[in-house]
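Listed features, source TrEMBL:
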DOMAIN    A:5-145  domain 'Aspartate/ornithine carbamoyltransferase carbamoyl-P binding'
BINDING   A:ARG54, A:THR55, A:ARG105, A:HIS133, A:GLN136, A:LEU267, A:PRO268  carbamoyl phosphate binding site
BINDING   A:LYS84, A:ARG166, A:ARG228  L-aspartate binding site
DOMAIN    A:153-301  domain 'Aspartate/ornithine carbamoyltransferase Asp/Orn-binding'
Amino acid sequence: MKLYHVIGAKQYDRQTLEDIYETADRMEKVVKNGGSDIYSNKIMTTLFFEPSTRTRLSFESAISRLGGKVIGTENAGQFSSATKGETLEDTIRVVSEYCDVIVMRHTDIGAAERAAAVATVPILNAGDGGGEHPTQALLDVYTIKKELGTLDNQHVVMVGDLKYGRTVHSLSYMLANYNNVHITFTAPDNVQIPLYVKEYLKERGISFSEEHDLKKAVQKADVIYQTRIQKERFSSPEEYEKANGKYIINDDILSYMKDHCIILHPLPRAGEIEHSVDADPRAAYFRQAQNGLYIRMALLEKCFEQERAETIRDYVNV
Amino acid sequence: MKLYHVIGAKQYDRQTLEDIYETADRMEKVVKNGGSDIYSNKIMTTLFFEPSTRTRLSFESAISRLGGKVIGTENAGQFSSATKGETLEDTIRVVSEYCDVIVMRHTDIGAAERAAAVATVPILNAGDGGGEHPTQALLDVYTIKKELGTLDNQHVVMVGDLKYGRTVHSLSYMLANYNNVHITFTAPDNVQIPLYVKEYLKERGISFSEEHDLKKAVQKADVIYQTRIQKERFSSPEEYEKANGKYIINDDILSYMKDHCIILHPLPRAGEIEHSVDADPRAAYFRQAQNGLYIRMALLEKCFEQERAETIRDYVNV
Amino acid sequence: MKLYHVIGAKQYDRQTLEDIYETADRMEKVVKNGGSDIYSNKIMTTLFFEPSTRTRLSFESAISRLGGKVIGTENAGQFSSATKGETLEDTIRVVSEYCDVIVMRHTDIGAAERAAAVATVPILNAGDGGGEHPTQALLDVYTIKKELGTLDNQHVVMVGDLKYGRTVHSLSYMLANYNNVHITFTAPDNVQIPLYVKEYLKERGISFSEEHDLKKAVQKADVIYQTRIQKERFSSPEEYEKANGKYIINDDILSYMKDHCIILHPLPRAGEIEHSVDADPRAAYFRQAQNGLYIRMALLEKCFEQERAETIRDYVNV
């Protein structure tokens, strides 16, 4: 049986993404109708080697809305087997026997791929260190699609920490599936987008540019993707404050934006979008968070649907 | 839709309390009959910014006995968004999208009210710092009603830490709804009941007095509400030991009590009620803990019942 | 009502074990058929005063596969009542009211027995300090039965830390129920099997011997039970490395083993079985881990089945 792993943003082509959007649309209707018990016999394990409350709760809500059950651990420091020297592969082999899908957050790049290599159930990567966070990227592109109707012909301005913020990397990879996309990178010099992301965009024929002036950048934008500047990355508090103060979205910035332009943010925020902005209809970040639920339900559906299809195929082959 | 938030003890009048007692009585029958699956499509989030295992388990049992599901976090230190500088309001907005009710424990006074101001689902306050713990107060008054038949005409003696123990404050506010109640405060001088609680009782016409001699105090009592003396509040271990030793309920104290007088304690206890007391039928604290389950089921029922009523109203209005 | 507590390995006789094996066989079929909802109204509490992720997840999966619900705490340090000075007995009394079965892991020998003395629901001991871990022992003997057809006439070689590793103690006690069993203990001198285990085996007429040469030991074995050498037990790193290096199961050791001999390990492992061994069909430790799920489902069935039987008896007696 081929398992439906979710490892990285590059595994998705345009058609696959469209299919996920449609499933997510359907999942929104399921939630609005009070949920379903279609997967009441399914168990999801949340294996979080580092805490990420929001992502974990979003996944736990997703399986619950489909009738399924959750087992898991919310903190790596408490995963006692790991502290006793067990390899990730051994852990995954054993935990595979306890459930029908594993949602994993890990501190190491590539951990999700290693897990998928030995797992007997699907692995959903909920972030692997400085690597990827594909379910976040999926909810980001889904939100753009839902808010603006299409991902083609969009001008996306990415703002803030573009170096360490893995969500902008994954989002860039996914945008590369669409036509006539332009990306503007607006970041302090020391946290600018990495060369390997730019190389990937070049290969895929996606145009991009850099713009240090946020006011200029937002004027042409259809989508502004704001991120949190992570204080700990800077060499001094002064340098951090300068960069941080430079790229705040407030009422003034709103006045430079197009009427249809949406503001996204992976959340949590810590001051880089002022609270006065929340009331503006272009502030889409809470709707975006809500879409995370539908996307994660859609991915779970894909995992189990696949299994159903394979079961039917086996049955037909017999 | 008007949400059924549970924020503080003062929000309850006599009629509302009676309604909750009746619902709790009904919930006891549900449990004794093996539970229900009436709310199998409901998700409760336990958002505990500080651990409180007993209260959390009680709520998780309550939703489970009604067929519902739980997602959550048992420790604030692990709420990764909070450590990244997210406001409580942002957290609540996002978590509201994942569930149908939020049970919240927080370190700050007023946190539950702030949460309710932005939540799109009911907030059940499971303790907000030095503020209130209304579900504890509800199970306290429910226990008195169940054990003694009425809350009118009762003489309640509150013992121990009456300054920092928020349960005695909330209980005092609720007792103020009843007729001919008298409260005796028996506490070490440095942890005596605060002035603002006394002021509230005066305004509501509730009589109260202070009595430093536990033996004298218990002789007239219908209810003894014992609390844990919190060592860390005292200036020296010696002073603590003196106060602690002074107000222990033991077999000697039992001999001064009326036959119908019940002993309550919010638990956990740490020596202030001797274990030999447990066998006395007047020791009601384990029955009280059990009532916590029924009260929390009743509050969940109120949250969802309200929603059902509002849905019907919307439907009728269309 | 007599509760079905699982406290220690010595409580089982041959007939009881056979009954559990049969129930576990049945549970495997339940899992392969996609689970059951027979116990959808049951709540299991996982009360882990120290973390043990694998055991906890195995139990949580077991109740979930039977349709039941889980409430619990994954870390003792977070059990707030314990830190406030509450006795284990008080905790168990209250938690008993919230659920239908308690799975408990504790740091103190005898804790499970103390819990069972006051609980009003069954206690399943998931490890009590240096004491016992009976559900591990049950899955160990079940695996031998399943892999080799019988536990009679088996030569079991126990390897590694036989002093502190409580699983080999519990396993020894259970093996004592069978005919013509021989146990070989292969351990570094400073972590050899304790005298009290040997005494028990003598009393029960079980033959055993010691063998320091792993190659010699495995040649006659039907079962090799490998355990992790716990570094912290040794007086110096050098001594640890010597012992640790001495008893590694690798391709060379495989070549000395009989064709039908199986390798077991309670997991997690940390180097004492090389990964190249995993592909050998005699490596049974992942199948053993899987059996843990069926055994724990079987024990839960026993808890609830008992209750059903008692309910029927009460009914008949009325």
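Backbone N, Cα and C atoms are what each Cβ position is placed from, and that goes for glycine too.
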CB contacts under 8 angstroms to A:ARG54 (carbamoyl phosphate binding site), restricted to the same chain and 6+ apart in sequence, sorted by sequence, are A:LEU267, A:PRO268, A:ALA289
Note: in the chain of A:ARG166 (L-aspartate binding site), residues six or more apart in sequence with C-beta under 8 angstroms of its C-beta are A:GLY127, A:GLY130, A:GLY131, A:GLU132, A:HIS133
Rounded Cα distance, in Å, between A:GLN136 (carbamoyl phosphate binding site) and A:LYS84 (L-aspartate binding site) is 32
Rounded Cα distance, in Å, between A:ARG228 (L-aspartate binding site) and A:THR55 (carbamoyl phosphate binding site) is 16
Here the binding-site residues A:ARG54, A:THR55, A:ARG105, A:ARG166 meeting chain B with a Cβ under 8 Å reduce to A:ARG54
Hits for chain C proximity (Cβ under 8 Å) within binding-site residues A:ARG54, A:LYS84, A:ARG105 read A:LYS84
Model confidence over the domain 'Aspartate/ornithine carbamoyltransferase carbamoyl-P binding' (A:5-145), as mean pLDDT, sits at 92
Cα of A:LYS84 (L-aspartate binding site) to Cα of A:ARG105 (carbamoyl phosphate binding site), in Å and rounded, measures 19
Residues in the domain 'Aspartate/ornithine carbamoyltransferase Asp/Orn-binding' (A:153-301) per DSSP class, helix first, strand next, coil last, are 67 helix, 24 strand, 58 coil
If you rank the binding-site residues A:LYS84, A:ARG105, A:HIS133, A:ARG228 by how many other Cβ atoms lie within 10 Å of their Cβ, the lowest count goes to A:LYS84
The number of other Cβ atoms within 10 Å of the Cβ of A:PRO268 (carbamoyl phosphate binding site), counted over all protein chains shown, is 20
